[in-house]
Amino acid sequence: MKSLALTLGDPAGIGSEVILKALADPSVGENYNITVVGSRSLLEESYHQLRSLPHVNHSDLVDPANLLILDIPLDKTTKSQIQLGKGNAASGEASFTYLQAAIAGTLKGEFAGIVTAPIAKSCWKAAGYHYPGQTEVLAQAAGVEKFGMLFVARSPYTGWMLRTLLATTHIPLSQVPTVLTPELMTLKLELLIDCLKNDFRLDHPKIAIAGLNPHSGEQGQLGTEERDWLTPWLEEEKKRHCEVELVGLVPPDTMWVTPGQAWYGNAPHPQHGADGYLALYHDQGLIPVKLMAFDQAINTTIGLPFIRTSPDHGTAFDIAGKGIARPASMIEAIKLAQALVNG
């Protein structure tokens, strides 16, 4: 069985810590074939530094000597500039190099998929890499133009699965109404439908689609996008996708009531929640996701020719090296990647 590539992410952040903790978890370490992609020496240094902290249980960390590692050594100058908690051009260079190595191996068929630890976009920029994030690098390397950021989380209370796709991602809020078009919405909706059918094996999925403005525009009183084109667009999509239950446009302030009930077990039954949610911009989708599932949520890139997942948190420079980073999201990212690979 091919292994999953697991990148170290930004070495100044918590990537090494959550990886060492996630791979020490019995539910992962004993059941998954993982190749860590990054600097062996940096991972070993992180391991020994964390073990030196009095509050860290040694059994919560896997010894790097027991891991399969695709070693990406850093030159002395770059390595000397990397310091926990202080991301910079050197740490950005390292994380970009790790990602490129994982992509190259995956495209060659050496890995079954990729799980990425967090990077810092500011550090990439400092190193001369001007990408909005890892998603765009992956899409460019794979030669795909149609892709999306899907956030997935399984409720620890009910087992219900939340799946949220963003129509727009890392752009200023002021640009959202201009960037949103019928063509973009169709692209994202079709990506979500294909993912729900093919990856999650849902033959007749239910998808809820949010409005853009308060109260979905209140018939043009609070914004005209819904009246002018979003509602007509959705009506056409309902005709095109008879096998899918499309619900909307749901007012953004009530969009997340039903999934919240399904998540916490307050709905008559968990199936009250939709199978997928299409949010129109970053914070509209991710504020509720992180409120419900900060430790469980996973980012998976759909539309790629291979599986990619990542924990839904950042580099957390402020707590790097303190031994308090939680590995739950990384554990879930590994499990979902393997489940998707297995089909």
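Glycine too: its Cβ is placed from the backbone N, Cα and C atoms.
Listed in Swiss-Prot for this protein:
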BINDING   THR135, LYS290, ASN299, ARG308  substrate binding site
BINDING   HIS170, HIS215, HIS282  divalent metal cation binding site
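Features as recorded by Swiss-Prot, highlighted on the structure.
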| residue | record | Cβ neighbours (10 Å) |
| --- | --- | --- |
| THR135 | substrate binding site | 22 |
| HIS170 | divalent metal cation binding site | 13 |
| HIS215 | divalent metal cation binding site | 15 |
| HIS282 | divalent metal cation binding site | 18 |
| LYS290 | substrate binding site | 16 |
| ASN299 | substrate binding site | 25 |
| ARG308 | substrate binding site | 27 |
Study note, to complete from the structure: Spacing of the two Cα atoms, HIS170 (divalent metal cation binding site) and ARG308 (substrate binding site), in whole angstrom, works out to 18
Exercise for review: Provide, as an integer number of angstrom, the distance between the C-alpha atoms of THR135 (substrate binding site) and HIS282 (divalent metal cation binding site).
Suggested key: 14
Practice item. Round to a whole number and give the Cα-to-Cα distance in Å for the pair HIS215 (divalent metal cation binding site) and ARG308 (substrate binding site). Key: 35
Study note, to complete from the structure: Here the Cα-Cα span from ARG308 (substrate binding site) to HIS282 (divalent metal cation binding site), rounded to a whole number of angstrom, reaches 19
Check your understanding: Among THR135, LYS290, ASN299, ARG308, which the record lists as binding substrate, how far apart in Å are the two most distant Cα atoms?
Key -> 20
Study note, to complete from the structure: CA pair LYS290 (substrate binding site) / HIS282 (divalent metal cation binding site), Å rounded to integer, equals 12
Check your understanding: Helix, strand or coil: which one is ARG308 (substrate binding site) in, per DSSP?
Key -> strand
Study note, to complete from the structure: Here the Cα-Cα span from HIS282 (divalent metal cation binding site) to ASN299 (substrate binding site), rounded to a whole number of angstrom, reaches 13
**Study point:** Secondary structure of ASN299 (substrate binding site) (DSSP, helix/strand/coil)
**Key:** strand
